[in-house]
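Annotated features in Swiss-Prot:
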type	residues	note
DISULFID	Cys59-Cys107	disulfide bond
DISULFID	Cys139-Cys149	disulfide bond
DISULFID	Cys178-Cys191	disulfide bond
DISULFID	Cys263-Cys310	disulfide bond
DOMAIN	28-128	domain 'Fibronectin type-III 1'
DOMAIN	131-219	domain 'Fibronectin type-III 2'
CARBOHYD	Asn109	N-linked glycosylation site
CARBOHYD	Asn162	N-linked glycosylation site
CARBOHYD	Asn209	N-linked glycosylation site
CARBOHYD	Asn293	N-linked glycosylation site
MOTIF	316-320	motif 'WSXWS motif'
Amino acid sequence: MAFVHIRCLCFILLCTITGYSLEIKVNPPQDFEILDPGLLGYLYLQWKPPVVIEKFKGCTLEYELKYRNVDSDSWKTIITRNLIYKDGFDLNKGIEGKIRTHLSEHCTNGSEVQSPWIEASYGISDEGSLETKIQDMKCIYYNWQYLVCSWKPGKTVYSDTNYTMFFWYEGLDHALQCADYLQHDEKNVGCKLSNLDSSDYKDFFICVNGSSKLEPIRSSYTVFQLQNIVKPLPPEFLHISVENSIDIRMKWSTPGGPIPPRCYTYEIVIREDDISWESATDKNDMKLKRRANESEDLCFFVRCKVNIYCADDGIWSEWSEEECWEGYTGPDSKIIFIVPVCLFFIFLLLLLCLIVEKEEPEPTLSLHVDLNKEVCAYEDTLC
């Protein structure tokens, strides 16, 4: 009987606790919206506090914010106590977000209490047909010094169509227009940007729009981080040597410019006679074993890019000039052999000339004899 009473008591307590939890409710935030301040994709997600029940006025409110581009499979999630959150988006696609209120556990006897979700969305107007939008947009940050972006005109545009590029990154007061366009047939097909102060490791936003008297032009948006599209100069001053007839030692200098030496990774192609293979290193030298001791020549060339310690991605530089070490039977060895042989033959020729010259009679001696004969004959005649 006592056991039955205990079970009844537990049931009553459970119902009481559950009933209390069910009575705790919190409202969602108010006026949730996504705002575009004109920064080419850097948007503000903002809201107002919920209407709070009197007994929860001393409680700390937190907000769970989720947002994404509409074609993304995953949401970004933020827990914050602020009433605004800022982030970059791809404006080529729509944006959607949702938010709800969280009550802190000390106000709810340790249970989690959340409000329903409220949602908001944002998208730019699709002015102009998709075929008028630029094609093949490419941007390269050359040697971490200047940015070059290029594009092709839309598939179906009138001859009077021209494009304009704007850019923005955190630190600028407003979006700026390109001041140095690349042109083809007097049309803008690219832009060069220099002196991008404090622009690394933050989102870099670009918009290319166009104008035509005959039709509207669809805008194109791009967002990236500059350090991830760096294309360095190729390595310089290559040198290769062979030690102990076996060890190949290769050295090169890091390219000139602002990129720290620790930020490079290298790809090396080694050629030994007609065989070649690849290797990689984060240093500016490498030591390998020869694959064939009788090889007549060894050559290598190298390229570089920014490594994972300084960027999430990068673009390989052009290949360096090829540098070669030639074996002992190479052209240099032949020259060393030919020169002394030629000198030896020249010496023999000179010696032979001297010997021949000594064996021939002197012409002055025969002339002297003939003169004496003529004098004697002349004297006999006089007598």
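Heads up, the Cβ atoms here are built off N, Cα and C, so glycines get one too.
Positions of Swiss-Prot features highlighted on the structure.
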residue: Cys59; record: disulfide bond; Cβ contacts under 8 Å, 6 or more apart: Val52, Leu103, Ser104, His106, Cys107
residue: Cys139; record: disulfide bond; Cβ contacts under 8 Å, 6 or more apart: Leu147, Val148, Cys149, Ser150, Ile206, Thr222, Phe224, Ile229
residue: Asn162; record: N-linked glycosylation site; Cβ contacts under 8 Å, 6 or more apart: Lys187, Asn188, Gly210, Ser211, Ser212
residue: Cys178; record: disulfide bond; Cβ contacts under 8 Å, 6 or more apart: Thr164, Met165, Phe166, Phe167, Cys191, Lys192, Leu193
residue: Asn209; record: N-linked glycosylation site; Cβ contacts under 8 Å, 6 or more apart: Tyr163, Thr164, Phe166, Ile217, Ser219, Ser220
residue: Cys263; record: disulfide bond; Cβ contacts under 8 Å, 6 or more apart: Val306, Asn307, Tyr309, Cys310, Ala311
* To do: Using a 10 Å cut-off, grab the number of neighbouring Cβ atoms around the Cβ of Cys310 (disulfide bond), all chains included.
  => 19
* To do: Taking helix as H, G and I and strand as E and B in DSSP, count the residues of the motif 'WSXWS motif' (316-320) in helix, strand and coil.
  => 0 helix, 0 strand, 5 coil
* DSSP helix, strand and coil counts for the domain 'Fibronectin type-III 2' (131-219)? -> 2 helix, 48 strand, 39 coil
* Asked: Around Asn109 (N-linked glycosylation site), how many other CB atoms lie within 10 A of its CB?
  -> 11
* Asked: What count of other C-beta atoms do you get within 10 angstroms of the C-beta of Cys107 (disulfide bond), across all chains shown?
  -> 18
* To do: Mind giving me a neighbour count for Cys191 (disulfide bond)? Other Cβ atoms within 10 Å of its Cβ, every protein chain shown.
  => 24
